[in-house]
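Accompanying notes for the structure given below.
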């Protein structure tokens with residue numbers, strides 16, 4: 001950490017990811033859309049002053065505002081542009097040399113009450129080299145002229161953003177005879193003079209002319225593609241224009257994936273309270289630990305001087321108290337949350353944009369699959385979707401999803417469609433697991449509900465407070481939470497139908513099927529009635545949980561995308577448990593699930609179905625159309641996988657402990673990746689060790705996995721304390737939790753009011 005402004009890095013350093021994606025050093029660059037550019041520059045006046053190279057930059061800049069603009073202006077003259085809808089004015093002023101005329105124009109903006117441009121972009125040198133045949137006298141005059149202009153630019157920089165564009169290198173072999181005197185050696189001399197004079201001028205001034213030197217780096221990589229050896233190819237000047245837009249607009253628009261030039265956000269009231277709470281927890285834990293250590297020292301064994309034997313203390317070391325355990329959990333959590341904040345809210349660590357290549361996604365996938373196979377062990381039980389198998393399933397799916405996120409593979413549609421199936425499979429397990437529990441156990445008590453809700457939501461609630469993000473931002477947890485409530489409500493409402501009751505009378509099975517049909521009808525209605533869905537979730541307090549950017553559209557989209565798969569999981573659990581009860585399937589160790597003939601037929605159909613879905617997903621051309629079909633067809637590949645994994649007896653009897661280990665902390669992995677593995681709320685990549693991408697990924701991954709595992713342990717420990725089995729104690733805790741959320745809502749309202 002150099003402590004410098006990320007704007008300096010954006011304007012001066014970076015590298016290409018691939019051929020066209022520019023990655024600034026240490027920060028992320030946002031790709032501005034036309035609407036965003038207009039919102040940022042509304043009522044602004046931008047001026048470009050210089051030669052034909054600056055004219056190129058001018059055209060690329062105004063195309064960010066209006067892509068329909070054509071380069072039809074006068075070559076050696078001024079070119080105006082205005083967007084009347086937003087009152088944006090962008091002018092190009094033809095001053096190919098740094099001379100008295102340019103000085104006079106700049107001086108006119110510093111005098112009297114003349115309206116000053118909000119952004120001024122200046123640069124010129126190649127004409128001076130060309131006209132004077134690269135003479136040393138021309139360079140000396142250039143230095144004199146810049147020296148006279150520099151104070152004027154500094155004066156303008158007090159109220160405007162002023163950028164001096166250094167000269168790009170040329171491709172000397174392609175230059176025409178009339179431009180042969182423009183050499184890279186001469187250009188370097190002119191650039192060196194400009195930088196030295198501008199830096200010395202600003203040394204004693206608060207205002208500073210920003211030197212736009214990054215264009216040189218971009219040109220070094222791309223000038224070979226130039227049409228004439230002098231002017232940059234279109235893609236390069238577009239990159240320069242986008243950099244300019246980021247420098248000026250990021251601090252105004254504050255895009256999530258544009259960390260360059262964004263100041264560190266101020267601490268909110270809730271964040272300050274959280275900081276105080278964690279600090280007090282750490283202090284409290286240290287005090288209790290010291291007291292216990294002193295007590296232990298007093299009671300520790302001492303040596304009998306006469307016999308030389310060690311006597312055991314009369315009093316044994318007491319068990320850890322509930323208060324100490326609570327403080328220990330909050331102490332560890334406080335340190336972990338500090339790391340979260342430093343990674344993704346403080347400008348301490350670097351962030352980079354994602355860049356997808358097939359190798360960056362598929363090579364790690366092959367690597368983890370090979371690792372998973374090496375850790376194959378026998379399962380404790382051989383039932384379909386036993387605990388080890390579901391943990392394994394969650395584990396490898398989570399690892400694939402993590403690789404998908406860090407590699408930026410969402411831009412590749414076939415991969416995106418297969419990842420959508422993995423998310424659906426997780427929800428399928430939600431439906432399967434919770435239905436199976438309620439059907440077999442018949443436990444609809446408050447304790448069970450509170451335990452599940454606490455384990456699902458604890459980390460997300462803490463992150464909402466510490467990272468200042470809405471609940472819906474971590475969309476997967478709200479999704480799983482709502483589906484759990486739906487499953488519970490469906491099965492808990494009168495009449496409560498469980499396996500024990502249904503065994504006495506087969507009609508109860510039809511009653512349960514009727515409940516499931518009612519659920520399916522409600523899902524179908526809400527999926528095609530956006531208005532009704534939004535009305536339900538727009539009521540307070542649901543709106544506080546499910547709104548994102550002022551509306552619940554994002555929540556509706558996420559819910560709709562996998563709307564049927566939880567129902568499919570419940571239905572599969574019902575059919576499987578019914579077949580199991582009637583002993584129509586064989587789940588012995590090494591035995592096929594059905595008779596050999598039926599097993600072979602089902603296995604063949606499953607493999608064909610699995611491959612058919614993959615072929616369809618790989619041939620997708622449009623994400624919107626494929627997303628429309630996904631809710632209905634994703635279950636095909638999920639069921640195919642379950643049958644392939646469970647029909648052969650041997651395959652059902654083994655599992656990968658490597659994947660199962662990750663499966664046990666899959667939820668924590670999914671949530672933690674937002675801030676301490678990825679960066680800028682998943683839009684970029686966290687860089688702990690700059691310059692060494694592979695080593696950085698190894699280190700950040702190790703920390704990330706350890707943190708996720710620790711948070712899983714903390715959540716389990718706190719669940720035992722916060723959600724006790726005793727109903728009267730549980731009721732008191734629930735009242736405390738209600739008070740906590742009421743306080744949180746109060747402080748949130750105060751926070752929103754202060755922001756407005």
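Glycine residues also receive a Cβ, built from the backbone N, Cα and C atoms like all the rest.
Feature annotation from TrEMBL assigns domain 'NXPE C-terminal' to 22-90.
Looking at the domain 'Cas1p 10 TM acyl transferase' (253-734) alone, the prediction's average pLDDT is 92. Positions annotated as domain 'Cas1p 10 TM acyl transferase' by TrEMBL: 253-734.
Per TrEMBL, the feature transmembrane segment maps to 269-291 (among others). Away from its own ends, the transmembrane segment (269-291) comes close to residues 323-324, 327-328, 330-331, 333-335, 337-338, 465-466, 468, 744, 747-748, 750-751, 754 of its chain (Cβ-Cβ under 8 Å, at least six residues beyond either end).
Long-range neighbours of the transmembrane segment (325-343) within the same chain, counting only residues 6 or more positions beyond its ends whose Cβ lies under 8 Å from a Cβ of the stretch, are 274, 277-279, 281-282, 284-286, 288, 349, 462-463, 466-467, 675-676, 679, 686, 703, 707, 710-711, 714, 717-718, 721. What TrEMBL records for 325-343 (among others) is transmembrane segment.
Remote same-chain residues near the transmembrane segment (355-375) are listed as 17-18, 21, 23, 396, 399-400, 403-404, 407-409, 411-412, 415, 656-659 (criterion: CB distance under 8 Å, separation of at least six residues from the stretch ends). According to TrEMBL, the feature transmembrane segment maps to 355-375 (among others).
For 396-417 (among others), the entry in TrEMBL reads transmembrane segment.
The transmembrane segment annotation in TrEMBL covers 452-468 (among others). Sequence-distant contacts of the transmembrane segment (452-468) (same chain, at least 6 residues past either end, Cβ-Cβ under 8 Å): 265, 268, 270-271, 274, 333, 337, 340-341, 344-345, 434, 474, 477, 480-481, 484, 667-668, 671-672, 674-675, 711, 715-716, 718-719, 722-723, 744.
Residues or ranges marked as transmembrane segment by TrEMBL: 474-494 (among others).
TrEMBL lists 506-526 (among others) with the feature transmembrane segment.
Residues annotated as transmembrane segment in TrEMBL: 561-579 (among others). Packing against the transmembrane segment (561-579) from elsewhere in the chain are residues 384-385, 420, 423-425, 427-433, 435-436, 439-440, 479, 483, 486-487, 490, 499, 509, 512-513, 516, 519-520, 523, 526-527, 585, 627, 630-632, 634-635, 638-639, 642: each is 6 or more residues past its ends and has a CB under 8 Å from a CB in it.
TrEMBL lists 600-617 (among others) with the feature transmembrane segment.
Residues or ranges marked as transmembrane segment by TrEMBL: 659-679 (among others).
According to TrEMBL, the transmembrane segment annotation covers 685-709 (among others). Below 8 angstroms of C-beta separation, residues 25-26, 336, 339, 343-344, 349-354, 406, 662, 665, 668-669, 672-673, 676-679 of the same chain, each at least six residues beyond the ends of the transmembrane segment (685-709), sit close to that stretch.
Residues annotated as transmembrane segment in TrEMBL: 730-750 (among others).
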Inquiry  = Give me the DSSP three-state residue breakdown of the domain 'NXPE C-terminal' (22-90), ordered helix, strand, coil.
reply    = 22 helix, 17 strand, 30 coil
